[in-house]
Amino acid sequence: MWRHLLKSTRNLSSTTGSTVDTSELRHFKQFANEWWNECGDLRALHSLNKLRIPLVRDGILSVLQKSTQGTTPLKDISILDVGCGGGILTEPLARIGGHVTGLDANCDLIEKAKLRTKEKNLKVDYLCSSIEKYACDNKEKHDAVVASEILEHVTQKKEFLEACVQCLKPGGSVFITTINKTPVANVLGIFVAENLLGLLPKGTHQYEKFIKPHNLEKILEDLNCKTVLVQGMFYNFVGNEWHWCSNDSINYALHAVKLKN
Ligand SMILES: C[S@@+](CC[C@H](N)C(=O)[O-])C[C@H]1O[C@@H](n2cnc3c(N)ncnc32)[C@H](O)[C@@H]1O
């Protein structure tokens, strides 16, 4: 009977629970004071901007058929950065004109991010919330939703992505960067990066939470989104440099568009 009760409680929490995994929030809280240290534990997120800023900028502009010229090509474009942390990607998107909302379930990180925008005199709306709570009051609000390096920290991916897509205008773009669920990602991304070389703190990633691109595409398709790009990304940890590549077996980026009907 106990086993039966336990099972039904687990089922209940997986159907009605939040997309926020509290152990993940605890994990990222430890980086609050060094979020902006470009040589610290989060250096790979800093260097990833070289790929993901053009990915988001050019993806949005090509869907909206606008020009990439000028210093503020994302002017008047509304972007939601989900799981923004301290704002490593959020800030540069605002600097090129985006009207950016940074959302993270970790209130400490959001406080740090807010302080920084004041210091830097930047305009970003930062909010501490889960995506599903935010989605309730912000349906079809944004031209683009960015979920960069967060999906591999979310257990309830369908619910998380559904809430992301709810916040998108029809015709809007969703951008995701994440880790493939392959043996090579398990060995290099976890065993080598965390345990052998100490490039990332131990426990940052769990293999079960990785997702294959075609499974991600399928979830998005069920949410009425068409995938227009899946591109592999390669991290050279010696030089702390990212490159686009044709092999998506470790890291990849995906761009999908919410269909209009
Ligand atoms: C690896 S960090 C990525 C930060 C940022 N996207 C970047 O790439 O610079 C993951 C972030 O996701 C946040 N997070 C994890 N699960 C979340 C959820 N369900 N809703 C909102 N934020 C979440 C964590 O607090 C953390 O700040």
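Quick reminder: no glycine exception, Cβ is built from N, Cα and C everywhere.
Any TrEMBL annotation is an automated prediction that lacks curation.
Since we're looking at a predicted model, the values are computed, not measured.
Straight from TrEMBL, the features:
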{"type": "BINDING", "residues": "Arg52, Gly83, Asp104, Ser148", "note": "S-adenosyl-L-methionine binding site"}
{"type": "BINDING", "residues": "Glu149, Glu152, His153", "note": "Mg(2+) binding site"}
{"type": "DOMAIN", "residues": "80-176", "note": "domain 'Methyltransferase type 11'"}
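Per DSSP, the domain 'Methyltransferase type 11' (80-176) is made up of 40 helix, 29 strand, 28 coil. Here the candidates are the binding-site residues Arg52, Gly83, Asp104. The one whose C-alpha lies nearest to that of Glu149 (Mg(2+) binding site) is Gly83.
Of all the binding-site residues in the record (Arg52, Gly83, Asp104), the one with the smallest CA separation from His153 (Mg(2+) binding site) is Gly83.
Note: the CA-CA distance between Gly83 (S-adenosyl-L-methionine binding site) and Glu152 (Mg(2+) binding site) rounds to 11 Å. Calculated from their C-alpha atoms, the gap between Glu152 (Mg(2+) binding site) and Arg52 (S-adenosyl-L-methionine binding site) amounts to 17 Å. Within 10 Å of its Cβ, the residue among the binding-site residues Asp104, Glu149 with the fewest other Cβ atoms is Glu149.
Under the three-state DSSP scheme, Arg52 (S-adenosyl-L-methionine binding site) falls in the helix class.
The number of other CB atoms found within 10 A of the CB of Arg52 (S-adenosyl-L-methionine binding site), across every protein chain shown, is 22. Same-chain neighbours of the Mg(2+) site beyond Glu149, Glu152, His153, judged by a C-beta within 8 angstroms of the site's C-beta center, are, in sequence order, Gly83, Ile150, Leu151, Val154, Thr178, Ile179, His205, Lys209. Taking the Cβ of Ser148 (S-adenosyl-L-methionine binding site) as reference, residues of its chain lying under 8 Å away and at least six apart in sequence are, in sequence order, Leu48, Arg52, Asp81, Gly83, Leu89, Phe175, Ile176, Thr177.
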